[in-house]
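Student: Handing you a structure now.
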Amino acid sequence: MALISILVVVLIWGSAFTVSKVGVSELPPLFMALLRNAVATLVLLPFYLSVRKKAARQDPGPLPKGKIILLGLTGVTFFYSFFNISLTYTGAAMGSLIQGIMPLVIVVPAAVYLKEKITARVIAGILISVTGVVMVGFIGQHDQNNSLLGNFLMAGSVCCWAAYTLISRSLNQFHPVPLTFFVTLTGTLMLIPFALVEGWGKPLPAISSNGWMAVLYLGILSSAISYMLYNQSLQTLTAAQAGNFLNLDPVIGSVIALIFLNESFSTLQYAGGALVLLGVWLSSGSGTEQHQ
C-alpha cells in the first residue's frame, strides 16, 4: 500500500512543476501558495472530520504542537514560498536537477536523527537515480531562464522538504489524515502575513480560467490528496526511500511533455529515465531498516 501511495504521489507531482508555472505566470508567487493551500485545507476538512474519532482512539496521544508548527513551516509556508518564487527565476531543467539532490539531503539526517540504517543497496540506488536525474534534466534543453537567486531558492525548497520528510517520519505512529489537515491549516495561516506583505498596496490580480484550474489542481490533487498519501507512505517507507521515489518526478514530467507538448526524447534522456527507475527499484527493496 505504501508503494502504491508514493507512486500516485509522484505521478501527480510530476505534473505539478508545469502547472505551478502556469499559476505563477498569472499570480504573485506567495498569493498563489496561499490560494492553493487554502483550497487544500478546505478539501482536507471533511476527511479529517470523518476520521477524527477513530484517530483519537488509535493515536498514542495528541499531536505534538511544536512538530505540527515545524511541519507547517517546512512543508507548506517556507517550501511553497521558496518553490513558487524560484519558478519566476529558474528554468524547468535546472529546477529538476536541483530537486534531484533531495535523496542525498535526506539520507544523512535520516541515519543520524531517525536511526535509519542505510545499506549499500540504498546508497547505490540513490546515487544511480541522482545520476539519472542529471541526465534527464539536461534533455537537450538550453534554458537560459536561470539565475543564482532562483537556484538558491529552489535548493532552499529542497532542504525544507527534506526537513518535512524527516519530521513527518518521526510521527509515523499518528493517523496521516489529522496530521496532514493540521499541518496544512497551520502552514496556510502562516502564509497569510507573507502574502499580505507581497500584495500590499497592489490591486488583486485578475485570474483567468486557466489560473483557477491551476489553483484547484494544485490545491486538491498536488497538496491535499498527495500530502495525505505521502504521510501515509512514511508510515512504512523510510525517509531515504520516500525521498528517492521523488526522483521519478522529472521523468514523469518529461513523459507528460512528450505526450501533451509533442516534445522529443533524446537518447540521453531515455538512458537517464532508465537509471532513475533502476535506482528507485534498488532503494525500495529491503535495504533500510529503522533501529528500535
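Cβ atoms here come from the backbone N, Cα and C positions, even for glycine.
TrEMBL labels come from automatic prediction, so no person has curated them.
Feature annotation from TrEMBL assigns domain 'EamA' to 2-136, 149-284. According to TrEMBL, the transmembrane segment annotation covers 28-48, 68-87, 93-114, 121-142, 148-167, 179-200, 212-230, 242-261, 267-284.
Mind running through what each feature is packed against?
Tutor: Counting only same-chain residues 6+ beyond the ends of the transmembrane segment (28-48), those with a CB under 8 A from a CB of the stretch are 20, 76, 80-81, 83-85, 87-88, 177-178, 180-181, 184-185, 187-188, 191-192, 194-195, 198-199, 202, 205, 215-216, 218-220, 222-225, 227-228.
Counting same-chain residues at least six beyond the ends of the transmembrane segment (148-167), those with a Cβ under 8 angstroms from any Cβ of the stretch are 67, 70-71, 74-75, 78-80, 82-83, 85-90, 94-95, 98-99, 101-102, 105-106, 109-110, 113-114, 234, 239, 242-243.
Remote same-chain residues near the transmembrane segment (179-200) are listed as 28-31, 33-34, 37-38, 40-41, 44-45, 47-48, 63, 68-69, 71-73, 75-77, 80-81, 168, 171, 223-224, 227-228, 231 (criterion: CB distance under 8 Å, separation of at least six residues from the stretch ends).
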Student: Against which stretches of its own chain does the transmembrane segment (267-284) lie, if we need a Cβ under 8 Å and a gap of at least six residues from its ends?
Tutor: 3, 103, 121-122, 124-140, 237, 240-241, 244-245, 247-248, 250-251, 254
